[in-house]
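The structure appears right after this line, and notes come after that.
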Amino acid sequence: MTTPTAIRRLDAADPDFARHLDHLLSWESVSDDSVNQRVLDIIKAVRERGDAALVEFTQKFDGLQVASMADLILPRERLELALTRITPGQREALEKAAERVRSYHEKQKQDSWSYTEADGTVLGQKVTPLDRAGLYVPGGKASYPSSVLMNAIPAKVAGVTEVVMVVPTPRGEINELVLAAACIAGVDRVFTIGGAQAVAALAYGTESVPKVDKVVGPGNIYVATAKRHVFGQVGIDMIAGPSEILVVCDGQTDPDWIAMDLFSQAEHDEDAQAILVSPDAEFLDKVAASITRLLPTMERAAIVETSINGRGALIKVADMAQAIEVANRIAPEHLELSVADPEAWLPQIRHAGAIFMGRHTSEALGDYCAGPNHVLPTSGTARFSSPLGVYDFQKRSSIIYCSPQGASELGKTASVLARGESLSGHARSAEYRITDPDWTAGNKEDGK
C-alpha cells in the first residue's frame, strides 16, 4: 500500500496562516564560515598564481591529471564535433529551442536615443553591449544544455563581443549536449574548469582565461559564494536559491497535471519548493492523491519526496482573489495560472519571475523552448528583480551636448545649486560658460 503524501496543508483562514507561510518560505542561503574561507583562499590563489592554481584545483577537485592549461581549453572544432555526436533529434531540439530563445530576446534589445532642445542642447542615452561575458555551466553528466542557450544567446543578441564559457569535466565526464548547445549559441571560448576557481579566473583573469565584465550562470554553493565575493570586480546575474513553482488553480485542471507540474520543480533538488494554491478543498485532496500515486513512478522519486514533504504545500484559500494575494506575497520564480481565464487575473499579478498562462502552459515548456529566459529571480526576489535578458548584457551611458546658449542657461541653475552645496569649484566651472552679462553682474561673488 502506498503511503499518503506528507505534504504540508495550510489554510488562509487560519489566524496563524501568515506565520506558517513565512516559515514555509524561509530558506537560509548564506554560506557557512568554512565555505566562505575556502572560497576566499581559492580566489586568492587564482589571483596570485593564475593558470597554475587552476591546474592544481582541477586536479584536486575534478580528479583529472592535466599537465597545463592547454589541456583545459576546448577549441571551436571540439564544439562542432559535439554536434555530430548527438542524435539528429537532439540537434533539432537544440536548434529549435535556440531559434525561439533568440527570437524572443531580439525583442528586448534597447536602442540608443536622443532629442534636441530648442537652444540646440542634445540629451540622450547611448546603449553599449559589454565587451566580454563569462558563462558558468555546471559539469558532469547531469549538466544542463538549456542553461547554455538561456545564458549565451541573450549575450550574443545584446552584441557582446566575446562569450567565455567555463564547464568542469569531473573525472573526464563531458556532456556532448552542453558542448553542442555552446556551438549553436555562438559561445566563443570554452575552458573545462569549474568551482570557485573558475569564477575567480573569469573575474580577475589569468594567463589563459580572459577577464570578463560579467559572470552569469548557475552553480553549487561554492560557485554562488564566489560570485558574491567577486561582485563589484565584475557584474553578476544573481545569487539564485532553490527552484520554485507556485500553481494557482481554480480546481478544474486534471489533478495529475498539477501533481506533475509540482514534481517538475521538486525534482531539481531537496530544497526546491512546489506549492499549490486553490479555493477548492476537494481539488487539493485530489492533487494530494495524485502526488501519492505518481511519486513512485518518478526517476528522482527520493529527491521529489524530500522536496514535496519538506518545503512543499497545498494551500486552501477563500477564493481566487485571495489566491492572487498569496501569490503576490510569495513572489515565486515560476507562477502557473491554471485557471479558465488567466488573462482576467494577469493584471493583478505583481510579483513573479515568469507567469505561465492557462491549463496547457506547463512550466517545463518555459524551461526549455518557449522562448523567454529560464534564469529567474528566486526566494521572493521577484519583488524587485527580473528574468535574465538582453538588458543584462547592455549598459547605458547618458549623453549631454550643450550648445553655447544651453550651457549659459543651464549654468545659472547649476551655479545656484552648487553654491547651495558649498561646492564653489562646481559653481565656477558652470559660471565660466554663462554669457548673460546681466546675470553675471548680479551674481558676482568674491573669488569669481
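Residue numbering: from 1, along the chain as shown.
A Cβ is built for glycine as well, from the same backbone N, Cα and C atoms used for every other residue.
With a 10 A radius on its CB, GLU333 (active site, proton acceptor) counts 29 other CB atoms from all the protein chains. What Swiss-Prot lists as active site, proton acceptor is GLU333 (among others).
What Swiss-Prot records for HIS334 (among others) is active site, proton acceptor, and it gives sequence analysis as the kind of evidence. DSSP assigns HIS334 (active site, proton acceptor) to a strand.
The NAD(+) binding site feature in Swiss-Prot is assigned to TYR136, GLN197, ASN220. In sequence order, PRO138, GLY195 make up the list of same-chain residues 6 or more apart from ASN220 (NAD(+) binding site) whose Cβ falls under 8 Å from its Cβ.
What Swiss-Prot records for SER243, GLN265, HIS268, HIS334, ASP367, GLU421, HIS426 is substrate binding site. Cβ neighbours of SER243 (substrate binding site) (same chain, under 8 Å, six or more residues apart in sequence): GLN265, HIS268, ASP269, ALA272, GLN273, GLU333, HIS334, THR378.
DSSP gives ASP367 (substrate binding site) a helix state. Within 10 Å of the Cβ of ASP367 (substrate binding site) there are 20 other Cβ atoms, across all protein chains. Look at Swiss-Prot and you will find GLN265, HIS268, ASP367, HIS426 tagged as Zn(2+) binding site, backed by sequence analysis.
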Query: GLN197 (NAD(+) binding site) to ASP367 (substrate binding site): how many Å between their Cα atoms?
result: 28
Message: Check the DSSP secondary structure of HIS268 (substrate binding site), expressed as helix, strand or coil.
response: coil
Statement: Counting every protein chain shown, other Cβ atoms within 10 Å of the Cβ of GLN197 (NAD(+) binding site) number 29
